[in-house]
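If you check TrEMBL, you get these features:
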BINDING   Gly7, Gly8, Asn9, Leu10, Arg29  substrate binding site
BINDING   Asp30  Mg(2+) binding site
Amino acid sequence: MRCALVGGNLGQLAQNNGWAGIVVNGCIRDVDEINGCDIGVRALASHPQKSNKRGVGEKYVPVHIGGTLIHDGEWLYADSDGILVSKNELSL
């Protein structure tokens, strides 16, 4: 919550790569730019300060967000009321 983890550039990159959305267990910035992207973004808050890039990270590991453990391969469905996690794709 000390800085933004995702900004407009990453939002645009995610859109260009065909992502459906991004869930951030922290803050985002460039909210107007992100809202202009054709992807869904959910975060805890916005913050104007950029993060420091360290070039580290992990893939395909479980992530604990808001009391829920999310595993690789699970489906996330989000709207303005919240996020639903499913082990299987839901027919909507």
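The backbone N, Cα and C atoms fix where each Cβ goes, and this holds for glycine too.
Excluding Gly7, Gly8, Asn9, Leu10, Arg29 themselves, the residues of that chain whose CB lies within 8 A of the CB mean position for the substrate site are, in sequence, Ala4, Val6, Gly11, Gln12, Ile28, Asp30, Glu33, Ile34. Ranking the binding-site residues Gly8, Asn9 by how many Cβ atoms sit within 10 Å of each one's Cβ puts Gly8 at the top.
When the Cα positions of Gly7, Gly8, Asn9, Leu10, Arg29 are compared pair by pair, the longest gap among these substrate-binding residues is 10 Å. A straight line from the CA of Gly8 (substrate binding site) to the CA of the residue listed as 'Mg(2+) binding site' spans 5 Å. The C-beta environment of Arg29 (substrate binding site), restricted to residues of the same chain at least 6 apart in sequence and closer than 8 Å, consists of Ala4, Val6, Gly7, Gly8, Ser46, His47, Pro48, Gln49, Lys50. There are 20 other CB atoms within 10 A of the CB of Leu10 (substrate binding site), with all protein chains counted.
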